[in-house]
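What Swiss-Prot says about this one:
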BINDING   40, 46  NADP(+) binding site
BINDING   134, 135, 136, 255, 256, 299, 314, 315, 316, 317, 318, 340  FMN binding site
């Protein structure tokens, strides 16, 4: 079973990603992880932190000479701003005099839309700092690090690549054209908003500029595409084994994500059954389809079509023109605390959604095919693909 977790706070010394259950022999380097972390910092509308934030990647365990060893993998991402926060975020007790600085003032005015309020009440904190430090989307950098290993496994074992693009930002008209292919990823990353379509890009930029002028923030929708998946990852046998339920849970677990859909998702509910599904036809190598409304999943299993997962991100909760709240110490009306933030982080969210999709797909592949090494997993995959090909119905010549 592939398992992952992260540790660390937004302004702590470092973030740490742990990945357990990865087979031996998967090629991975610190440079590859750094490249994915750089993609996470992309996007028009990001705040000042992205300009000076540097992700210092250190492989702590589980990798030797560029290959995974089969044991737990630990990856550290250092915080270049740690010296500014060393007293405030020190794990050990510090002299109270050292804490007499502005950035350590108690944060008692929770931000609507954030974890501050519920976290303070649940854990008994009189300050939102312990909540916001862990709840921060900075934590996703560690997920991206772990997900880079999963991406490498999918590429080497199955020839599968995962990409994302932004569908819409704010009220911009959603892109509704064909899904991009992996060969389009470089052009997508070159777009200021990671859009596949130039006309959509211009509308998104206009939305961000308007929000910036108004002292506001924006959310949006991203789509992740994974092509080349074999038929049969996941299962129909129980809800927890359905791949769509696993994908939805993983993506919904990303900070600020408020909705997930597979394929055409909610739009499918508006259609009649006769035009909602992907009809099948005999082809030279088995079943073929002319549509992919299901997004590559039927009955909780991959069906050989490209996987399409969309995620809706809410507007960033830290609004420059602070929202109304209540001071948790005095009980009086107040305006929410304002931490340094972005106007829009939707382009970066796409990279994080890619990460979670890659981790779930890698787990599903390892559950299906097993193996202790990449070579063994590949052999198991080849055997399965041969068996599936034999079961495919042969196309009949029309009379």
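Each Cβ is built from the backbone N, Cα and C atoms, and glycine gets one as well.
On the structure: features taken from Swiss-Prot.
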{"residue": "40", "record": "NADP(+) binding site", "Cβ contacts under 8 Å, 6 or more apart": "140, 141, 144, 348, 351, 352"}
{"residue": "134", "record": "FMN binding site", "Cβ contacts under 8 Å, 6 or more apart": "9, 10"}
{"residue": "136", "record": "FMN binding site", "Cβ contacts under 8 Å, 6 or more apart": "9, 10, 255"}
{"residue": "256", "record": "FMN binding site", "Cβ contacts under 8 Å, 6 or more apart": "137, 219, 313, 314, 316, 317, 345, 349"}
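Around residue 318 (FMN binding site), taking its Cβ as the centre, 20 other Cβ atoms fall within 10 Å, counting all chains.
In three-state terms derived from DSSP, residue 40 (NADP(+) binding site) belongs to a helical segment. Of all the Cβ atoms in the protein chains shown, 15 others lie within 10 Å of the Cβ of residue 314 (FMN binding site). In the three-state DSSP classification, residue 318 (FMN binding site) falls within coil.
Here the Cβ of residue 316 (FMN binding site) has 26 other Cβ atoms within 10 Å, regardless of which shown protein chain they belong to.
DSSP assigns residue 134 (FMN binding site) to a helix in the three-state reduction.
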